[in-house]
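Asks: Take this structure first; my questions come after.
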């Protein structure tokens, strides 16, 4: 029980700080919490329910689970849990599984197509239900892995933003767990004995690139525990004058009347091995350390 309280306090603090730093929740919001049956979404729902009890503003939560027609998906497991919480919920059924099987060649990972179809269903449901925000359970490790995946395989410096507006302009997506470490989320979900539904019921091949990046981060973290925190910290501490983005350089030059590259300090890359710092960085910063 003591472990549960310790983990809950830590996760509540991280979630509250992310909500405050990025203005994720507003007075009167009706937030759809996408609950897949995994550790991340269960934890997110629990934390938002706890924060709502003590928040200085009023907002509503509605949990939504989507049965995509995967063979053996135990929708009753998720529904029983949601019912036990007393939270308003809605169970959706859309057969996107057959669509994915038709579109994706055998042996290829189905996750990207499946994710896009699921997102479309949730977006439409949010509008129908009058929800102002959609909360997803992506945590710190997801953001850091995505940063490396984008840089290594797509040649772009980007990750998952803490909030965004959908392309059709109808929905705002928020990620309140963006400061929370996966290890803390996993430990909390296990301690709470959430009824986890496996995510591989469809038989999909895993995202091998993401698994490789996850292994790389695990190896680096074993040598230097602050690696993941430092990478998240880097997402909130961009130094444009030390990058090669010409469009960004032009925008800064037009705004300031100065050449950012000529104003850059002459710094050599140093392998100091020191953490960037702990705690929360304000003004859209990120948490350093673990």
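Cβ from N, Cα, C; glycine included.
These figures come from a predicted structure and were not determined experimentally.
Dumping what Swiss-Prot says about this protein:
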BINDING   111, 114, 202  [4Fe-4S] cluster binding site
COMPBIAS  262-273  compositional bias 'Acidic residues'
REGION    259-290  region 'Disordered'
MOTIF     36-41  motif 'PP-loop motif'
Asks: Check the binding-site residues 111, 114 for other C-beta atoms within 10 angstroms of each C-beta and report the one with the most.
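Replies: Sorting the candidates by Cβ neighbours within 10 Å, the top entry is 114.
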Asks: Tell me, by DSSP, whether residue 114 ([4Fe-4S] cluster binding site) is helix, strand or coil?
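Replies: It is helical.
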Asks: Is it possible to list how many residues within the motif 'PP-loop motif' (36-41) are helical, extended or coil according to DSSP?
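Replies: Here the numbers are 3 helix, 0 strand, 3 coil.
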